[in-house]
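K.L.:
Grabbed the feature section from Swiss-Prot, which reads as follows:
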BINDING   Asn10, Glu389  Mg(2+) binding site
BINDING   Lys17, His208, Leu209, Gly210, Asn211, Gly212, Asp283, Cys284, Arg285, Gly334, Ile335, Gly336, Glu337, Asn338  ATP binding site
BINDING   Arg89  substrate binding site
ACT_SITE  Asp148  active site, proton donor/acceptor
SITE      His180  site 'Transition state stabilizer'
SITE      Arg241  site 'Transition state stabilizer'
Amino acid sequence: MSKNLILILNCGSSSLKFAVLDPKTGDEKLSGLAEAFNLEDARIKWKLHGEKGNADLGAGAAHSEALTFIANELLSEELRSSIGAIGHRIVHGGEQFTSSVVINDDVVKGIEHAIQFAPLHNPAHLIGIKEAFRIFPELKEKNVAVFDTAFHQTMPEEAFLYALPYKLYKEHGIRRYGAHGTSHLFITSQVAELAGKPVDQTNAIICHLGNGGSVSVVRNGKCIDTSMGLTPLEGLVMGTRSGDIDPAIVFYLYKNLGMSMEQIEDTLVKKSGLLGLTEVTSDCRYAEDNYEDASKPEAKRALDVYSYRLAKYIGAYMAILGDDHLDAIAFTGGIGENSGHVRELALNHLKLFGVKLDVERNLAARFGKSGVITADDSTFKAVVIPTNEELVIAQDTAKLAL
């Protein structure tokens, strides 16, 4: 039997997303999510050959139990024997990894070294790798790491350096790394296809907007700047993350309000963003649904700040491209693909550049529908393109391990 399928694992600190798909066609045989790890109600849900199912994993279950369930209960002998390799999404690869790699001892050490930049995610990825080796021993030499930071490693120094003492970069690797690179890479290829150009001649500004959010600017198919920084905390307003703030706010919270560093980190990472601005929820849909409701001013406040910050990044990146033709401003991710309101508010700030929204096209582009959302006489195109990070991971894994 042909081993032409890829098992994809995306291990978070308390969850595991998984899929089995054909890297050539994108055909998905299995997909699912195991969540609430280490809690009483640890559970798993899946879609197998189009049929949905769910099960309890047992109190305290985590990555090991979830992967064991997938292997024993969801993968038939035929499906398992068709899997030729395993692709792991890795949030942070530091400077060491500029592309996807087959996992060996040195790669594991590199992922361990980058834990300092992704303390929640990278340890979970390492658990996923270890468990994949144990549960699928026949594929031990066929595990591939696909790094979210790799796409951004083409940034020039002026984009990735912070104006800090240079030795902090040379000795400790403190610099801009970015995130969501797998999504930005996929959307770049889709913009190229839309423009009828080779990827290495494509220029784009890509807005990946979900609970986390980032913008990148691409020249000739390569990332030249991105909004996330050393960690995924920098940049846009996000669901619970603050994005850009005056660094001195940290000193103020510590000295004047008596907050500990742990409390400050918790505030910036888990209690800010849309949640902080609304004081109700991190869900963008609340702000959209109540935007015109005068009795809920927090909704308009949150969406206006969110969209304004987004527009600032898009405008700055348009300036950075200079004379290079911009093929498209692309929106993707849960909010980018579905929130016509956010797209409208952000693009309305860019009229100086000749960006002209088509209201009907913008409203139509949602729920998985892609398309151009600007008017025919707009100076630049804005498009909505659903992302497919799993397909990129599968394709990279297939190139290296099949």
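Using the three backbone atoms N, Cα and C, a Cβ is placed for every residue, glycine included.
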K.L.:
DSSP secondary structure for His180 (site 'Transition state stabilizer'), reduced to helix/strand/coil, please.
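P.N.:
In the DSSP reduction, His180 (site 'Transition state stabilizer') maps to coil.
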K.L.:
Rounded to a whole number, how many Å is the Cα of Asn10 (Mg(2+) binding site) away from the Cα of Asp283 (ATP binding site)?
P.N.:
22
K.L.:
Just to verify a number: CA distance, His180 (site 'Transition state stabilizer') to Asp148 (active site, proton donor/acceptor), in angstrom, no decimals.
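P.N.:
Roughly 5 Å, rounded to the nearest whole number.
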K.L.:
Check the recorded positions Asp148, Glu389 for other C-beta atoms within 10 angstroms of each C-beta and report the one with the most.
P.N.:
Asp148
K.L.:
Which state, by DSSP, holds Asp283 (ATP binding site): helix, strand or coil?
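P.N.:
For Asp283 (ATP binding site) - judged by DSSP and reduced to three states - the answer is coil.
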K.L.:
Calculate the distance in Å between the alpha carbons (Cα) of Lys17 (ATP binding site) and Arg241 (site 'Transition state stabilizer'), and round it to a whole number.
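P.N.:
For Lys17 (ATP binding site) versus Arg241 (site 'Transition state stabilizer'), the Cα atoms are 22 Å apart.
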K.L.:
If you count CB neighbours within 10 Å, which one among the binding-site residues Lys17, Arg285 has the smallest count?
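P.N.:
Looking at the binding-site residues Lys17, Arg285, the Cβ with the fewest others within 10 Å is that of Arg285.
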K.L.:
Rounded to a whole number, how many Å is the Cα of Arg241 (site 'Transition state stabilizer') away from the Cα of Glu389 (Mg(2+) binding site)?
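P.N.:
Just about 22 Å between their Cα atoms.
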K.L.:
Quick one: give me the count of other CB atoms within 10 A of the CB of Ile335 (ATP binding site).
P.N.:
26
K.L.:
Counting other Cβ atoms within 10 Å of each Cβ, which of the recorded positions Arg89, Arg241, Asp283 scores lowest?
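P.N.:
Counting other Cβ atoms within 10 Å of each of the recorded positions Arg89, Arg241, Asp283 gives the minimum at Asp283.
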K.L.:
Among all the protein chains here, how many other CB atoms are within 10 A of the CB of Leu209 (ATP binding site)?
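P.N.:
Taking all protein chains shown, Leu209 (ATP binding site) has 27 Cβ neighbours within 10 Å.
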K.L.:
Can you grab the distance from Ile335 (ATP binding site) over to Glu389 (Mg(2+) binding site)? Cα atoms, rounded to a whole Å.
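P.N.:
Here the two Cα atoms lie 16 Å apart.
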K.L.:
Tell me the Cα distance separating Glu389 (Mg(2+) binding site) from Arg285 (ATP binding site), rounded to the nearest angstrom.
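P.N.:
Approximately 23 Å lies between the Cα of Arg285 (ATP binding site) and that of Glu389 (Mg(2+) binding site).
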K.L.:
Cα-Cα, whole number of Å: Glu337 (ATP binding site) versus Asp148 (active site, proton donor/acceptor)?
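P.N.:
Approximately 20 Å lies between the Cα of Glu337 (ATP binding site) and that of Asp148 (active site, proton donor/acceptor).
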K.L.:
Does DSSP give Asn10 (Mg(2+) binding site) helix, strand or coil?
P.N.:
strand
